[in-house]
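Peer 1: Dropping the structure in here first, questions after.
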């Protein structure tokens, strides 16, 4: 079964991690989470797990990303889950424990350099995923709402814990307080937190008025409906019927000012993500009415979840408290989905109890939740250049955040490895069928290298979404011009892998063939193919859609060496033929690859793709885009709009 295969993989990863430690190699995230014994009790393993690896044994990213780990194991008492919080919590760890059972020699501790930052390494604000807030004033919760202090005693024999937004009048009947005074109020504490009353406890708590339409649902239905103080007699009758404790307070608070609850920005960000004042330009929520899901949280019936709403009135899914970064700005909101589509971004929740809820973004009993606090949801990426060689790449692609692939191929054919085209109506039909069961969106590219029309028209009518002119099939000015004319007729895209040999002309002749028409130029730096040495000049043409491919992004000390051999392999070249070697060397040029690093921030290159299973990797498109962003920041400095 799959679960047993997973355990075997975990064991192998543990052995690999041990061997690397013996060689003095720091472990990455996966390796740092895969060492465990299995011959102890759950409690013992939880304690031992935090002592095995030290900060000096793992790389800097793992120190901040491995906040906890869980491993399921078989014990004499059955199968149990072992949870280790902060497993990398010291500098030195215990290498003897790390090597236990491996029969490997325990490495000397000084083989690993001391980590920068010492004991404060995990608190480094520059670590992966860290949220760093500025010194702006504290955040005021539910500003302007009426507040009341209420004295509460637990008359029961068990503890009672009440969440922030639970209608206080509807709480456990063994809580003794003035219920009429609490009518229409809930705790004045951060959303999703709670207050616990042990048996016999007496506390004075601050309540704030509920928001929105001020309508109560749920609990024991003591005071259902809109808040209406004229209903006091009916409410008192229901309090008596339910056997609720009710201690009338005689001391009046009329005219007494009660300060609003405040929360510091770092604490707020740790709970709900950063907000306005910390690079966020707009936050659609009302402070204090954030949507949170879980035990005692806000998204429960009659509280943050609206009661009595139909499926048509409610969302199918909400991603709560997400940070959205796009061309229009940086803002925090709920991202909402209906029938498989994102239909809105804004304040979602229960309009009966929360302020500023968009009437089209109601959370009800038909709504699912994904917690987005502290995260940057991004749209599923589109990979516009890959080679359809095997279906296994679909899982790798999806796991890396890509949901659409737009390219061609027919499987592991020689031509598919070199030129990602799907020629022939039967091949197109079979490829469409083959993609049906894969969890991605697909667009197929046909072979566009033909100065005639008939075969190209057949491919478009068979279902391709574009035509690619590739030098391995022939890329001349006439074929390019002919292709663009047909693509305009059918409103499909034309992709270009231009002539590295300069056989039919230079880049100027290719550009002239465009005649101002829109074309997508792959791997614009030329390492993946195209006019040598100056294909990159196409970035100056507004009608050219320029894209990079990830094997050369960003430029590193290993880029040229890797890609030279990759080009030989992909394009069926031979190292025994001098002209083939020169051809490959003319493509892989350090100068234009390095230039590609600094052009995205100018808008000169605006797309990234993988060219996977040819020269690139489908699982690295997004991460290399972030790498490129960092390279641009290093070379050019921060963007003007982010300075300050």
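Note that Cβ sites are derived from N, Cα and C of the backbone, with glycine treated the same way.
Straight out of TrEMBL:
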ACT_SITE  571  active site, proton donor
BINDING   470  substrate binding site
DOMAIN    380-644  domain 'Urease'
MOD_RES   468  N6-carboxylysine
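Could you tell me the structural context for the features on the list?
Peer 2: Cβ neighbour count for residue 470 (substrate binding site): 25 (other Cβ atoms within 10 Å of its Cβ, all protein chains included).
Long-range Cβ contacts of residue 468 (N6-carboxylysine) within its own chain (separation 6+, distance under 8 Å): 408, 419, 420, 421, 445, 446, 447, 448, 449, 494, 495, 496, 497.
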Peer 1: What three-state class does DSSP give residue 468 (N6-carboxylysine)?
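Peer 2: Going by the DSSP assignment, residue 468 (N6-carboxylysine) falls within a strand, counted as strand.
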